[in-house]
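> Swiss-Prot feature annotations, pasted as is:
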TOPO_DOM  1-45  topological domain 'Cytoplasmic'
TOPO_DOM  67-77  topological domain 'Extracellular'
TOPO_DOM  99-123  topological domain 'Cytoplasmic'
TOPO_DOM  145-219  topological domain 'Extracellular'
TOPO_DOM  241-274  topological domain 'Cytoplasmic'
TOPO_DOM  339-353  topological domain 'Cytoplasmic'
TOPO_DOM  375-378  topological domain 'Extracellular'
TOPO_DOM  400-458  topological domain 'Cytoplasmic'
TRANSMEM  46-66  transmembrane segment
TRANSMEM  78-98  transmembrane segment
TRANSMEM  124-144  transmembrane segment
TRANSMEM  220-240  transmembrane segment
TRANSMEM  275-295  transmembrane segment
TRANSMEM  296-316  transmembrane segment
TRANSMEM  318-338  transmembrane segment
TRANSMEM  354-374  transmembrane segment
TRANSMEM  379-399  transmembrane segment
């Protein structure tokens, strides 16, 4: 268990060029489930992700403008910097992916993603519009919109199109969602999570200053709404990342809506407690919080190496990079980046968070004894954390998708036994019929056709 290397489930790295996702070939045969299903909940996830991304970004820009308008240039600069710099990085990556799709489209080759062309080989949208989207920092919305479009086309034409066309629509949808969720996941921890610490510290300081007057400036309400949107954005990005990975793998059971809601509640409550803890650390120690975060990173790096070591064939540098990314993510939330049992990983990571949270709650009265509602904060933060952990335990005990996988596996085994018995019964009859009729078809061909009929009937 300890120091054992596991396969990464955050990033699928091909061993060679032939293993790259081709959209038309590889994804259709290896990466998507045998039973294709697009629910209304899946389309809702795409739409909700688009709305939350846009609201989160523009709310941060609006808060920065409020600070500049009031003459708080340092606060405005910090908010704007942590909003724009990560967004520029994410949109550059998105633009590179779009250009990659455009290059493959022009060569009429199989692209690594089924990117900018529809089923009739036309562009999904013109390249000029893609560039405008990225300049406006809305590049990730392109991938969500494409996933939403092909998901809608799949549902709309389920009874009309052939199986091949439906599989193409499904593969385009899941590939677009894969790119979108990966971009959104990194955006959450490059922009939203650090932004929470910056804006939370600013809002807490001004809230304390204005508390005595009994009146609060209007921008403080907008900042509170922006903080709430950022927490929702981070929580949802983790949920949809997990859902997306399960959706495209035949060896995994997809997440049902109520399971996604439980995951969201678990993440939201634990992230809320964690962000308040980090903001309190900033208020108590100021710039001296950097060494404390460094100690946390060191502790996290140790248990991540022991419990979540990553193995990627012939990609040692990517292994190290993902290890560092996972360590950074653990500043804000525990995250399971590799295959395998999560029990010890979450137990260790959440234990570290709980110890840090209780130490901060114990230190709060000494340094922030004049902070409004300090007693309620001391009680509310642990309650939020414990409630989130309780939902997590309930999710893993009663609602985890793997509990349904056992039922699916058993039904598949029963189906295989029925098919095998049918073949054993029908083969002698087929052979005798072929001898009498003298037809050219072999018994193996007829058995194959009958197998499909038996599977369909079952």
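Heads up, the Cβ atoms here are built off N, Cα and C, so glycines get one too.
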> With CB pairs under 8 Å as the measure, which of the listed stretches 78-98, 220-240, 379-399 comes out on top against the transmembrane segment (46-66)?
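Per the Cβ count, the answer is 220-240.
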> Do any residues, 6 or more residues outside the transmembrane segment (379-399), come within under 8 Å Cβ-to-Cβ of it, and if so which ones?
258-259, 262-263, 265-270, 272-274, 276-277, 342, 346, 350, 353-354, 357-358, 361
> Over the topological domain 'Extracellular' (145-219), what is the model's mean pLDDT?
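It averages 85.
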> Give the one range among 78-98, 124-144, 275-295 whose Cβ atoms make the most pairs under 8 Å with those of the transmembrane segment (354-374).
275-295
> When secondary structure is assigned with DSSP, how many helix, strand and coil residues does the topological domain 'Extracellular' (67-77) contain?
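Breakdown, helix to coil: 8 helix, 0 strand, 3 coil.
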> Would you kindly list the residues that approach the topological domain 'Cytoplasmic' (241-274) from elsewhere in its chain, counting only those six or more residues past its ends and only Cβ-Cβ distances under 8 Å?
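Contacts of the topological domain 'Cytoplasmic' (241-274) (Cβ under 8 Å, skipping residues fewer than 6 from its ends): 9-10, 27, 31-34, 37, 39, 41-42, 45, 174, 177-178, 181-182, 184-185, 231-232, 234-235, 332-333, 350, 353, 357, 381-382, 384-385, 387-389, 391-392, 394-395, 399-402, 404-405, 408.
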> May I ask for the residues of the chain that lie six or more residues beyond the topological domain 'Extracellular' (67-77) and have a Cβ under 8 Å from a Cβ within it?
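The answer is 202, 217, 219.
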